[in-house]
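Down below is the structure, laid out as structure tokens.
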Amino acid sequence: MTTAFYPGSFDPITNGHVDVLVQALNVAEKVIVAIGIHPGKAPLFSFEERAELIRLSLAEALPGKSANITVVAFDNLVVDAARAHGATLLIRGLRDGTDLDYEMQMAGMNRTMAPDIQTIFLPAGTASRPITATLVRQIAAMGGDVSAFVPAAVLQALTSKRKA
């Protein structure tokens with residue numbers, strides 16, 4: 001069974017992330033969504049909240065296939081975490097040339113550290129290219145409508161956070 005590792009902060013998961021996950025299931029039988037835990041960062045959503053939002057979003061977007069996706073946390077090197085979970089593929093989504101430049105650099109470093117793990121680049125669909133979790137958080141914090149950018153569960157969670 002081919003296992004792919006898709007790391008990110010997913011704070012929150014967006015339609016762009018979901019698009020990449022749908023594509024990832026076309027190249028791997030199992031995908032591990034790995035939420036990076038960084039002590040120096042203060043995320044909007046806790047790990048538990050992000051994990052639940054990912055599960056809810058994928059159950060909606062991938063009925064019957066969400067069982068092929070596991071959500072985990074990691075706080076070490078991506079390649080070490082991927083290897084620990086038995087992954088041989090590292091999934092990276094690309095929105096534009098800027099993403100490609102950065103991701104190519106990271107892929108080179110990762111390949112040097114872990115030649116047994118191959119990086120797969122998956123291009124974002126046209127509708128999800130402009131979406132970033134940072135922009136979603138900023139727009140939502142100012143009361144803007146982010147319904148076109150996030151799954152329904154995330155929209156509800158963002159609305160609840162704003163009212164709190």
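Using N, Cα and C of the backbone, Cβ positions are placed for all residues, glycine too.
Residues or ranges marked as substrate binding site in Swiss-Prot: SER9, LYS41, VAL78, ARG92. Residues or ranges marked as ATP binding site in Swiss-Prot: SER9, PHE10, HIS17, GLY93, LEU94, ARG95, GLU103, SER128, ARG129, PRO130, ILE131, THR132, ALA133, THR134. What Swiss-Prot lists as site 'Transition state stabilizer' is HIS17, and the listing cites sequence analysis.
Where Swiss-Prot records a feature, it is marked here on the structure.
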| residue | record | contacts (Cβ under 8 Å, 6+ apart) |
| --- | --- | --- |
| SER9 | substrate binding site | ILE35, GLY36, HIS38, LYS41, PRO43, ARG50, ALA133 |
| HIS17 | ATP binding site | GLY8, PHE10, GLY93, ALA133 |
| VAL78 | substrate binding site | PHE5, PRO7, ALA34, GLY36, LEU90, ASN110 |
| ARG92 | substrate binding site | GLU103, MET106, ALA107, THR119, ILE120, PHE121, LEU122 |
| LEU94 | ATP binding site | LEU100, GLU103, PHE121, LEU122, PRO123, ALA124 |
| ARG129 | ATP binding site | GLY16, ARG95, ASP96 |
| ILE131 | ATP binding site | THR14, ASN15, GLY16, ARG95, ALA124, PHE149 |
Cβ neighbour count (within 10 Å, all chains shown) around ALA133 (ATP binding site): 22
Any idea which of the binding-site residues LYS41, GLU103 has the thinnest Cβ neighbourhood at 10 Å? LYS41
The correct three-state DSSP answer for ARG129 (ATP binding site) is coil
For SER9 (substrate binding site), the three-state class that DSSP assigns: coil
